[in-house]
Amino acid sequence: MLQHLCDSGSSSIVRRPYSVSANPPKPPKGKLSNSPGVILLGLLGIGGIAFLSFTQVVGRRQGQSVVPDAEKKPYRQAQTAFSPEEVTVIFVLGGPGAGKGTQCAKLVDKYNFVHLSAGDLLRAEQDREGSEYGQMIKDYIKEGNIVPMEVTIKLLENAMKESIKKDEKQESRFLIDGFPRKMDQAVKFDDSVVPAKKVLFLTCPESTLLERLLERGKTSGRADDNEESIKKRFKTFIDTSMPVVDEYRKQGKVIEVESVGKIDDIFEKICAGLDPVIS
Ligand code: AMP
């Protein structure tokens, strides 16, 4: 694609000896500008410019981009930190307690993924001595709110770079769990880190989620595994994270699995969805 762009770019600047000379002869002063043909050409030129400006404004007003998609894509891809040919990313989404962590652990064994949990990375940063974001992250997590994307995306990108640096020979496959939880994160990650290949979405009734989380809360030591925080997390998931799932569904990227029943049975269903994608 880049090659293609370069090709077309260079052909447009080829100077043919008969079309443009280095010192083109200047038209005799006064004579040309007064001729009726030139006046007509001038009027046509002004009309053309006005028409182009008008179509651009209308295009923008109607929410259309004036840059054709074919031209935009290579530019957007050129901005990503990783190439989708070299780095595969699968997002894992689902309400709190849907079993994302449990299933990710099994997927790591089977497909050799590197598992990154946005929540775990944020908790580690929160506890890191000297972190300027520690208190802010703590407050967001306690309230079940979405931590600002700049922090979350940077932590993920750093963890990916670290993992790739550690094991350059290994094909880079990442399971990113609990991310993206908000539309701005999805757009920013796809545009600046690498576009996700698929999104695994685990569904589960809220009553089951609540039961699981309260049970986990007895031993997890997490500040947000209590009924008050859990309810806030549910609301955040419905209001803020579901639109992300819907958007990826439109893009045909979602593998949806009902996460109710035995862990191994759920895992089998997930593998049936992932096998054709991950060889
Ligand atoms: P989890 O460990 O996935 O249950 O996430 C626990 C909490 O961490 C969430 O309720 C959020 O406050 C925060 N968090 C996790 N993932 C993200 C994310 N992708 N973006 C922002 N905040 C997040």
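Glycine residues also receive a Cβ, built from the backbone N, Cα and C atoms like all the rest.
TrEMBL entries are annotated by machine, without manual review.
Taken verbatim from TrEMBL:
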{"type": "BINDING", "residues": "Gly97, Ala98, Gly99, Lys100, Gly101, Thr102, Arg216, Gly261", "note": "ATP binding site"}
{"type": "BINDING", "residues": "Arg123, Asn145, Ile146, Val147, Gly178, Phe179, Pro180, Arg181, Gln185, Arg222, Arg233", "note": "ribonucleoside 5'-phosphate binding site"}
{"type": "REGION", "residues": "117-147", "note": "region 'NMPbind'"}
{"type": "REGION", "residues": "215-225", "note": "region 'LID'"}
{"type": "TRANSMEM", "residues": "37-55", "note": "transmembrane segment"}
Residues satisfying Cβ distance under 8 Å from Gly178 (ribonucleoside 5'-phosphate binding site), sequence separation of at least 6: Val92, Leu93, Lys100, Ser117, Ala118, Gly119
Contacting binding-site residues for ligand 1, chosen from Gly97, Lys100, Gly101, Thr102, Arg216, Gly261 when the Cβ sits under 6 angstroms of any of its atoms: none
Long-range neighbours of the region 'NMPbind' (117-147), counting only residues six or more past its ends (CB under 8 A): 100-101, 104, 155-156, 159, 176-179, 181-182, 185, 223-224, 229-233, 235-236, 240
Largest CA-to-CA spread of ribonucleoside 5'-phosphate binders Arg123, Asn145, Ile146, Val147, Gly178, Phe179, Pro180, Arg181, Gln185, Arg222, Arg233, angstrom: 24
Spatial neighbours, same chain, of Pro180 (ribonucleoside 5'-phosphate binding site) - Cβ under 8 Å, 6+ residues apart: Phe91, Leu93, Ala186, Phe189, Val244
Packing count at Lys100 (ATP binding site) (other Cβ atoms within 10 Å of its Cβ): 23
Long-range Cβ environment of Gly101 (ATP binding site), under 8 Å and at least 6 residues apart: Ser117, Asp177
Intrachain C-beta neighbours of Gly261 (ATP binding site), sequence separation six or more, cut-off 8 angstroms: none
